[in-house]
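To start, the structure under review is shown below, and the notes come after it.
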């Protein structure tokens with residue numbers, strides 16, 4: 001099964017989770033997702049997801065000037081975003097445990 | 001800072017931008033801002049080898065990159081190439097074209113209104129704005145909602161921009177430098193005109209908020225137009241209006257200087273005779289002759305008139321020319337009274353000034369045509 005297929009459904013959740021630990025700019029979020037083991041995540045899809053979450057009012061953004069290189073736009077999870085994260089996390093855990101019990105123990 | 005953006009990153013980003021051109025400009029700016037640090041990092045990793053091709057190997061083509069952003073960002077799908085030329089952009093270019101024409105025609109009409117306003121200082125023409133402002137407003141609403149990319153994609157606009165860039169580049173740069181001063185000047189001119197109107201007629205005070213709004217628009221939208229092209233729909237009409245009002249005011253001022261020439265087409269000013277020489281005037285009336293009386297009411301002859309500083313009051317002297325029996329100028333002097341010139345005509349029966357008179361007659365007379373009663 002393609003992980004990229006699974007990712008489509010949970011990329012929102014993953015991005016919210018990463019940002020709830022610490023604010024970050026686009027590339028930073030991507031890097032942290034990869035560090036966490038999600039190697040398949042597409043570069044551009046992270047930026048698209050960030051914009052979508054932002055437009056949905058779950059993220060706020062602020063610009064930080066940087067001495068080396070261009071200024072960076074940081075994203076931060078707001079109250080609404082945290083509520084969504086909690087809700088989605090519950091949904092995911094329920095779903096994952098259902099799938100686990102359905103699949104049984106790996107032999 | 002971002003000035004050292006490598007050419008490969010710039011080229012890649014500009015292709016991403018083009019692929020997203022149908023989205024609102026502000027949104028595309030946000031996306032590019034997110035993506036740029038990432039591309040810079042990749043380019044840095046590639047070092048000298050950073051080209052669009054080498055970046056494409058890592059990231060995919062800018063177009064597919066844009067498509068991925070589009071898909072995950074819940075943006076509408078891109079208008080595809082083949083429909084772009086036939087169906088999809090058919091309806092899409094029509095509103096864009098309308099928006100452009102609303103701006104062009106609206107600005108032109110505003111120019112006419114502005115000129116009329118400046119040259120007459122009559123605020124009645126402002127009612128024309130009731131039609132013009134909604135027309136421009138409709139165009140402005142379109143670009144505000146859709147961004148300027150549909151407009152920028154129009155072939156005529158692309159051609160216009162290319163011509164401007166190649167032919168008028170230095171002039172445009174010059175204009176850009178003067179822009180901040182121009183917006184302030186706009187606001188000042190608008191305030192001035194509003195004041196002039198109110199001074200001229202009190203009820204013009206109703207139009208005052210309009211001018212305040214326009215001045216505010218010039219100060220707010222003007223400087224931002226450089227970065228947000230949508231504001232062209234505000235700054236261009238205001239600029240055209242101010243220019244036209246200014247031109248109108250100039251003609252108004254020029255007109256008020258030689259206004260008398262409208263009333264007396266043969267006099268350059270009220271104080272010269274038809275040949276441009278100084279004439280005697282009593283109020284608005286030009287005097288050919290003066291009669292002078294002594295205290296007993298006896299007419300005086302051969303009186304010489306001088307101005308307060310001793311200059312002879314020289315005016316043209318008229319006489320009859322015998323061959324043509326018409327009044328002609330015979331000279332210039334300051335001796336009064338002049339002979340009275342009577343012009344008329346005789347008919348066949350020798351009747352003077354009769355209905356059938358055809359032979360012209362000109363006669364000089366030294367007689368005083370009235371008697372004067374001198375008050376004690």
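Every residue gets a Cβ built from N, Cα and C, even glycine.
Feature annotation from TrEMBL assigns compositional bias 'Low complexity' to B:80-91 (among others).
TrEMBL lists B:342-352 (among others) with the feature compositional bias 'Low complexity'.
What TrEMBL lists as region 'Disordered' is B:72-91 (among others).
Under the heading region 'Disordered', TrEMBL lists B:330-352 (among others). Taking Cβ pairs closer than 8 Å, the region 'Disordered' (B:330-352) reaches residues 277, 288-292, 299, 301-306, 312-320, 358-369 in its own chain, all 6 or more past its ends.
The annotation transmembrane segment is assigned in TrEMBL to B:98-118 (among others).
The transmembrane segment feature in TrEMBL is assigned to B:124-144 (among others).
The annotation transmembrane segment is assigned in TrEMBL to B:177-198 (among others).
Annotation source TrEMBL lists transmembrane segment at B:204-222 (among others).
For the transmembrane segment (B:231-254), the residues of the chain that approach it from at least six positions outside its boundaries are 99, 103, 106-108, 110-121, 136, 139-140, 143-144, 148, 182-183, 185-186, 189-190, 193, 214, 217-218, 221-222, 224-225, judged by C-beta separation under 8 angstroms. According to TrEMBL, the transmembrane segment annotation covers B:231-254 (among others).
Listed by sequence, the residues of this chain that lie at least six past the ends of the transmembrane segment (B:177-198) yet keep a Cβ under 8 A from its Cβ atoms are 117-118, 121, 123, 204-205, 207-208, 211-212, 214-216, 218-219, 222-223, 226, 235, 238-239, 242, 245-246, 249.
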